[in-house]
Amino acid sequence: MSEAEYLTQEDFLQRSNKLQEISDLGINPYPYEFPGTSSVEEIKQEYASQTLGNSEDATNKKTPKVKISGRMVLFRSMGKNAFAQILDNDQKIQVMFNRDFSSVAGLPEDAEISPIKFIEKKLDLGDILGIEGYLFFTHSGELTILVETVTLLCKALISLPDKHAGLSDKEIRYRKRWLDLISSDEVRQTFFKRSRIIKLIRQYMDAQGFMEVETPILQNIYGGAEATPFVTTLNALHSEVFLRISLEIALKKILVGGTSRVYEIGKVFRNEGIDRTHNPEFTMIEAYAANVDYHSVMTYVENLVEYLVCALNDGSTVLTYSHLKQGPQTVDFKAPWIRMTMKDSIKTYGDVDVDLHADHELRNILKERTSLPEESYATAPRGLLITALFDELVCDKLIAPHHITDHPIETTPLCKSLRSGDADFVERFESFCLGKELCNAYSELNDPLHQRMLLEKQMEKKALDPDSEYHPIDEEFLEALCQGMPPAGGFGIGIDRLVMILTDAASIRDVLYFPAMRRLESENN
C-alpha cells in the first residue's frame, strides 16, 4: 500500500465519517492529556491476588477505583453490557461497559445517542481509550474494570490486522513494526527484553568498575575493524567523513588518557551485505580494561552472558531453542565455557589438522569441502586459509558456548602476538554459540612501533587491492600509543545478535524495531 492509498480504503472512509460525527457531538477525539493513570501491570500486581468483590460491589463503588489508558484490541457486546480488552504496553485487562452505569466523557446529556450506543457504534478496535472505573472479579475469576467513564484519547483511522491471522507477511511486519507490536504479544515481549538486556548490560559493566563514555559517530578516519564504511560530507568543514565501523580506536585513546576501565554502547555502521545475522546499522558494546589479557576478558564475557541469561530466565543458565537448522537444542550458558584454539577446533570439528598440510593442500581441502569460489582463496596467505577452513567447517557446529582462541595474525593488526613466541598467531578470541559469532576480543597491542609496522603492511596490501577492507592509518591513534597505553584486554559484542541468542530469534530483523529494507517503488516516486 502506498503512502496515500489507504486514504481511499472503505474502512478509512468509514472511520473518518465516525471521526466527524464524534467531533459534531462536541467531543475532541484527540485531547491533549489524560493524567493520573496507572499501568495495567501495576494494577495487576497490586490487586490480582486481593479479594475485591463482584460486579454488584463495583456498581455500588465499594471496590478500588482505577484509571488506565490503552488501545482497545477486542470488543464484544452482550445485552446491557459490553466487554473490551485494553492493551497497555505488554499487558491487557478486561473492561466492562454497562448501559446504566458507564458514561462517555464530553458526550452531551441531551445527545440523541446514549453512552452505550456511542461505545458500540462510534468506537472501533484500535482506538486509544482512557478508562476510569471500579475493579471486580468476574464469575470466571478475571480481573475486570467496570467503566464509570470512558474518554476517547485517539481515534484510529486504520483498522488493526485480523486478530486471528495477525501479520503473516514478514515484509509488512518489518516495514510497519507498529502493527507488528500491536498485533503480537511475542513481538512486544522480544522488544521489552531487548530494552531490559541493554539495561542489564549497563548494570553489570558499572558494577565491574567500567565507566560508560560516548565517542564520535562521524570520523575523519575509520578503523578498528575490517569493513566498508559509509561515506558522507561534513558541509561545515568541507570535508569527507565516515560513519564509524567500530568503537575501538576512540576508546583506546581514552584508555591512554588514564581511564582504566571504559565501555561504550552505541551504533556502528558497515556498508556491507544484509542477511539473517547482519544489518548495516547495528548496536555494539565495546569495553577495554587496563592490566588484563584475553584470558581475563574471556571470564568477563562468559560471566556477563551468564548474568544476562539468569536475569531473563528466573535464575536458570539453560535456554531452549527452536529456530536452529539442527533442530531444537538446549544450551547451558554457565561459566566457564569451552576454550579451544582455532587450529584445535578445525581438527576437532572439521577433521583437518592444519599443521600436517601445506598451503596448496589447504586450498585443495577448501575446494573439495566448501562452496567458496576458488578466487577467494587462490592467493590467500596461510593464515586466511586457516580462517576460511574454520568459517566453513566449524562455525555451524559450535552450538554450546565456545571461546575460539589464537587466530592467525592476518585477521587483525590490533592484537598482540602469542606470548609463546609464535608470531603467526595472535592473542585473539571469538566467542560462539548456536553457530553464531557473539564476541570478538584481544590482548590489545600497545607497542606503537609494532602497531605502525602492522598497519603499514595492511596499507601495502590495500595498494595491491583497492577493493580490500583494510583501513587507512590513523596517525592520531599511533601518536596516542606513543604516549603510552597500559597493557589491556578488550572485547566487542554485537548487541543485536546477543538479543537474538537470548530471545530465540530466527533473524536479526526480528530484534530490530526498523531493520534496513529495500526502498519501495512508491517511495521512489
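Including glycine, each Cβ sits where the backbone N, Cα and C put it.
Listed in Swiss-Prot for this protein:
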- E430, E437: Mg(2+) 1 binding site (BINDING)
- E437: Mg(2+) 2 binding site (BINDING)
Practice item. Determine, from DSSP, whether E430 (Mg(2+) 1 binding site) sits in helix, strand or coil. Key: strand
Exercise for review: For E437 (Mg(2+) 1 binding site), just count the other CB atoms lying within 10 A of its CB, please.
Suggested key: 17
Point to revise | In three-state DSSP terms, the structure that E437 (Mg(2+) 1 binding site) belongs to | key: strand
